[in-house]
Amino acid sequence: SARPHRLLPLSLGLFQAALLLFFALFVTYADPPAQEEDASLAAKQLSGIFPLFQDIQVMLVVGLGLLLTFLPRYGLSALTHNFLLLNFSTQWALVLQGLLHRFYRGHLHLQLRSLLVAEFAAVTVLISVGAVLGRTSPCQLLMVAACEVPAYLASEWVIATHLGVLDVGGTITIHVFSCYFGLGVSKALFGRARQPLHPKETPTPSSDLTSLLGTLILWVFWPSFVAVLCPAGDAQHRALLNTILAMSASAVTTVVASSLLEGGRLRPGDLQNGSLAGGVAIGAVADMTMPPVAALALGSLSATVCILGFRFLSPLLTRKLLLQDHCGIHNLHGLPGILGALASAAVILVAPKDTSASSFSQVSPAGVNASEVAVGQWGERGAGGQALCQAAGLAVAIGGSLLAGLLTGAMLRLPCLARPPEQHCFEDSLNFSTQGQAESLELGGTTEEGALALKERV
């Protein structure tokens, strides 16, 4: 039983040692611009991108981490696993992306943009593990990250580079992909038998409050996530405005829909998720030429779809397909992501005939300038062809992620990855050593019983 406890530090230690060796041999910084004009332009670009980069750091480390603390006895684990997976996946993505895209004269030239692009790959992991959070060990989560990052890079290359799909905010490449990857993992890992509702899985008022705080942080900084890779100027301006409008509409619509379904009251879970649905859906169309009312309508529709998914679709999938989705990623990322992808095809079809592909000047989350691909191909395929490519990109994201997720989930069933026993799921006692929890495990009771016994003994 001690072997699984040694597996995590040994695997992480070997990974970090290998990364140190790899960086020492192959990674260097890009040479500074020789011309004064180029140096001034580079400094201007850095000053423009770094504040948005910091916003995204706050989103992922603080906002997303707190959002996952709705499980009342799993808060420490949720925050720590989120933080660990972010760093592990970012480093792993830096290596893979450097080998695939940035290998030049034997060295990888590291830039802030390459670090940002690697974090987009890490986001897919942070979203996917929400489907299996609480019933998996840290080693299993690291295995998910190790498998998902290369699968994401391959999927993104097909979608953005080969198909020329326009998706500046990662609606298709990040949200849809990560959702169905996570569901595939969950189905392969748990799908053979129905998992009963765990008594420690029910949120408490205090855990709901902490999770809602994470939602508010994500809501505030989400426009930076969508617009960070847009070219500075009109495209980035449109992306920021459209994202704010969509998320504002989704927040108001969430209150309306939740109140109607609950007889005048509000469900904390609806607020925690529905308020963010507009940000998921708007990513594929954020910098496209469309009226502001379209952003408002998309935000309202995405929030409605998200809340209805929690209320009706999730119980149906659990009952009919035995599909476990502990954080509801299908309702927050999958359904609004599909809606946003379809909206991007519709916007392209109804765009004015004199609008060229270059008007949709986007850079995909993997750093590929999708507009350059579209400019060369859109003239041949037309608006209808580009709309079909948007739909094809959606199909690739769903199909590829499901297949990769199923294979990864099958690997997680290996005994050496130390899946936690059912009685210790959704609690911190297996991952953290505290005085009360240690006493609890020693007595074979709950954390509260252990703390009470310790108090009486003192």
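First residue shown is number 1, and so on along the chain.
Backbone N, Cα and C atoms are what each Cβ position is placed from, and that goes for glycine too.
Residues or ranges marked as domain 'Ammonium transporter AmtB-like' by TrEMBL: 19-415.
Taking Cβ pairs closer than 8 Å, the signal peptide (1-30) reaches residues 88, 91-92, 95, 98, 106-111, 137-139, 142, 416-418 in its own chain, all 6 or more past its ends. The signal peptide annotation in TrEMBL covers 1-30.
The feature transmembrane segment is assigned by TrEMBL to 46-71 (among others).
The feature transmembrane segment is assigned by TrEMBL to 83-104 (among others).
As annotated by TrEMBL, transmembrane segment applies to 116-134 (among others).
Annotated transmembrane segment per TrEMBL: 212-232 (among others), in sequence order.
Under the heading transmembrane segment, TrEMBL lists 239-261 (among others). Long-range contacts of the transmembrane segment (239-261) within its own chain (CB-CB distance under 8 A, at least 6 residues past either end) are made by residues 168-169, 219, 222-223, 226-227, 230, 267, 270-271, 274-279, 281-283, 285-287, 290, 292, 295-300, 302-304, 306-308, 311.
Residues or ranges marked as transmembrane segment in TrEMBL: 293-313 (among others).
Long-range Cβ contacts of the transmembrane segment (334-351) within its own chain (Cβ-Cβ under 8 Å, at least 6 residues beyond either end) map to 166-167, 171-172, 175-176, 179-180, 183, 277-278, 280-285, 288-290, 294, 298, 301-302, 305-306, 309, 313, 359-360, 383-384, 386-388, 390-391, 393-394. Per TrEMBL, transmembrane segment is recorded for 334-351 (among others).
Positions annotated as transmembrane segment by TrEMBL: 391-412 (among others).
In the predicted structure, the domain 'Ammonium transporter AmtB-like' (19-415) carries a mean pLDDT of 89. The stretch from 46-71, 83-104, 116-134, 293-313, 391-412 with the most CB pairs below 8 A to the transmembrane segment (212-232) is 46-71. Packing against the transmembrane segment (83-104) from elsewhere in the chain are residues 12, 15, 19, 22, 26-27, 60-61, 65, 110, 114-115, 117-119, 121-122, 125-126, 129, 138, 141-142, 145-146, 148-150, 153, 157, 366-367: each is 6 or more residues past its ends and has a CB under 8 Å from a CB in it.
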